[in-house]
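S.K.: Pasting the feature list from Swiss-Prot:
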- 1-304: region 'Formyltransferase ArnAFT' (REGION)
- N102: site 'Transition state stabilizer' (SITE)
- H104: active site, proton donor (ACT_SITE)
- R114, V136, K137, R138, A139, D140: (6R)-10-formyltetrahydrofolate binding site (BINDING)
- D140: site 'Raises pKa of active site His' (SITE)
- 314-660: region 'Dehydrogenase ArnADH' (REGION)
- D347, D368, I369: NAD(+) binding site (BINDING)
- A393, Y398, 432-433, R460, N492, 526-535, Y613: UDP-alpha-D-glucuronate binding site (BINDING)
- E434: active site, proton acceptor (ACT_SITE)
- R619: active site, proton donor (ACT_SITE)
Amino acid sequence: MKAVIFAYHDMGCQGVQAVLDAGYEIAAIFTHADNPAENTFFGSVSRLAAGLGIPVYAPDNVNHPIWVDRIAELAPDIIFSFYYRNLLSEEILHLAPAGAFNLHGSLLPAYRGRAPLNWVLVNGESETGVTLHRMVKRADAGEIVASQRVAIAQDDVALTLHHKLCQAARQLLNSILPTMKCGNIPSVPQRESDATYYGRRRPEDGLIDWHKPVSTVHNLVRAVAAPWPGAFSYNGSQKFTIWSSRICPDAQGALPGSVISVSPLRVACADGALEIITGQAGDGITVQGSQLAQTLGLVAGACLNRPPATSGKRRIRVLILGVNGFIGNHLTERLLDEENYEVYGMDIGSNAISRFLLHPRFHFVEGDISIHSEWIEYHVKKCDVVLPLVAIATPIEYTRNPLRVFELDFEENLRIIRYCVKYRKRVVFPSTSEVYGMCTDASFDEDKSNLIVGPVNKPRWIYSVSKQLLDRVIWAYGEKEGLRFTLFRPFNWMGPRLDSLNAARIGSSRAITQLILNLVEGTPIKLIDGGQQKRCFTDIRDGIEALFRIIVNEGDRCDGKIINIGNPDNEASIQELATLLLDSFDKHPLRCHFPPFAGFQVVESRSYYGKGYQDVAHRKPSIDNARRCLDWEPSIAMRDTVEETLDFFLRSVDIAERAS
């Protein structure tokens, strides 16, 4: 059987050797060039392949059509991926008749995603493992072929667990590969309800929070111990790294982060003390704890983890226009969670952002973007990243007020885009899933799908074409004027503070809010055209995390990109959404305060929205760009989102007033 292998790291070397030992013919190996900035403590797949006389390649983009064609010419019977760091396109996955199989470093469906080795230690797990599974479009979601459990000892650190996993992987592959070679490939579906997903870990994630329980801090030390970057803290402006530690139950009443003793070196946490066994000051050498205390000049009672001294690097200033809106207020919360962001915002109200008004890094002005142009231009010039989030984005308004939609959504936003061009500022612009219109593709691709709208006499398309035209103008400014931009397209984001029940009362709200209002007031749930239209509903937390990563823009990977942000797995019809919502409503502890359910009522779209409306049968995103550019995968189930959204709205109702 002929195999093509994608491999990297020690696991890649183990996988290649196991495939050879099982008698497969390896036509080619694809790997990565080592990153000079990374500590390459692990084995080299390229050197192994070269020594074995096997062709080896390290393309920047293995999914490019040129490489897809070259792999097709190799005519593989089977494809293996052993710790290859990039997702493989569906075109590649479909090249092998026997299928494509990936080795993942956890017991799937738990710990899908990146860095499972480190995450299981961070979370204090007592068991992990390795899993061989079929590869599908979605990362780590295919059927399981085989798995092997690995116990995590209390003294395991990242490197010792890494060695255990490599050994388990070799045993697993030695056991299953001969069977697969004979064409017998048993597999069982993963249980989606048990799936968990974790993203990439960064060196800065090793910062210790001494207010956490001592076990949490100790587990962080274990999870990122050498050769990983390490858990670290500060003594004033001096950074130090902790390489090994142990838990001491008694903090002697000391405040978290304070030094209890220097020999041994012990630091108070929330519920105990951490004894630092070995550590390193700055870029120095590794020493035992008491010597580290001496090097840092620590004394009992000293307080660690103070902010580093001013380094001259100012915070990133983010301008959010429409900051009080659904996306704006949630994004503000995410940005303020990070110390290096400062948020400037404008909106016509502040009810959703009242919790931030006293925050020292949040600066708000109440105003209208169509009036306060001087303030906006000044702050575009002042800030680093601009997000013009102001738009009319409810379907009934497209037919009620098409000219107002055009004036606000296109004309006012175009002026802001031109300020960004003038002052050479990066813009992160909210396009919309509506731009795809009546596209017939099974899933909508940012770079390939056609944007199809209806006739001119259907004003519901005014929003879609206003956004599409701005997309094209922004793209042209990028090509001709060097504007730095990213366009993101949200697909039906839902969550708390989506809009308001008052907006639903006048028909100017999102679908789920209207449905909740019907339940609250005991009126029939109206299913427009039977509610058969399908959408992919996305939790606001998933959406905001993706948007935050666009703002971070690691390696400038988002520049000039269009990125869908949605959850393809949460596809449901409006009728299914209503049924799920009703089920959650009936189970809610406040259910007894509201009227009986009044049933469903089928309504024609023309009578509800007016003659200028057209609907769309389905709207499902491809999220390959988000996976590639953001290392992002949505993880929150639709039921969780519905329950949380419902809970927010029900608790916003004045129960006492209703009772009276």
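Glycine too: its Cβ is placed from the backbone N, Cα and C atoms.
Can you tell me where each of these features sits in this structure?
M.R.: Taking Cβ-Cβ distances under 8 Å and a sequence separation of 6 or more, the neighbours of N102 (site 'Transition state stabilizer') in its chain are F80, S81, F82, L132, H133, R134, M135, D140, G142.
Neighbours of H104 (active site, proton donor), defined as other CB atoms within 10 A of its CB across all chains, total 26.
Neighbour count (other Cβ atoms within 10 Å of the Cβ, all protein chains): 17 for K137 ((6R)-10-formyltetrahydrofolate binding site). DSSP classifies K137 ((6R)-10-formyltetrahydrofolate binding site) as coil under the three-state reduction.
Here the Cβ of D347 (NAD(+) binding site) has 24 other Cβ atoms within 10 Å, regardless of which shown protein chain they belong to.
Counting Cβ atoms from all protein chains shown, R535 (UDP-alpha-D-glucuronate binding site) has 22 others lying within 10 Å of its own Cβ.
Secondary structure at E434 (active site, proton acceptor), as computed by DSSP, is helix. Counted within 10 Å of its Cβ, the other Cβ atoms near E434 (active site, proton acceptor) come to 24, all protein chains included.
For R619 (active site, proton donor), the same-chain residues 6+ apart in sequence whose C-beta sits under 8 angstroms from its C-beta are S433, Y436, F444, F491, N492, K534, R535, C536. R619 (active site, proton donor) carries neither a helix nor a strand DSSP state and counts as coil.
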S.K.: Need the DSSP three-state call for D529 (UDP-alpha-D-glucuronate binding site) to compare against my parser.
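M.R.: Helix, per DSSP.
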S.K.: If we count other C-beta atoms within 10 Å, could you say which of the binding-site residues D140, D368, D529 has the fewest?
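M.R.: The binding-site residues D140, D368, D529 were compared, and D368 has the fewest Cβ atoms within 10 Å.
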S.K.: For D368 (NAD(+) binding site) and A393 (UDP-alpha-D-glucuronate binding site), determine the Cα separation and express it in whole Å.
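M.R.: D368 (NAD(+) binding site) and A393 (UDP-alpha-D-glucuronate binding site) have their Cα atoms 17 Å apart.
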S.K.: Taking the residues the record says bind NAD(+) (D347, D368, I369), how far apart in Å are the two Cα atoms that sit farthest from each other?
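M.R.: Taking every pair of listed residues, the largest Cα separation comes to 8 Å.
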S.K.: Quick check on the binding-site residues V136, A139, I369: which one has the highest count of other Cβ atoms within 10 Å of its Cβ?
M.R.: I369
S.K.: Give me the largest Cα to Cα distance among R114, V136, K137, R138, A139, D140, the residues the record lists as binding (6R)-10-formyltetrahydrofolate, in Å as a whole number.
M.R.: 16
S.K.: Spatially speaking, which of the recorded positions D347, I369, A393, E434, D529 is closest to V136 ((6R)-10-formyltetrahydrofolate binding site)? Use C-alpha to C-alpha, please.
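M.R.: Result: the closest of the recorded positions to V136 ((6R)-10-formyltetrahydrofolate binding site) is E434.
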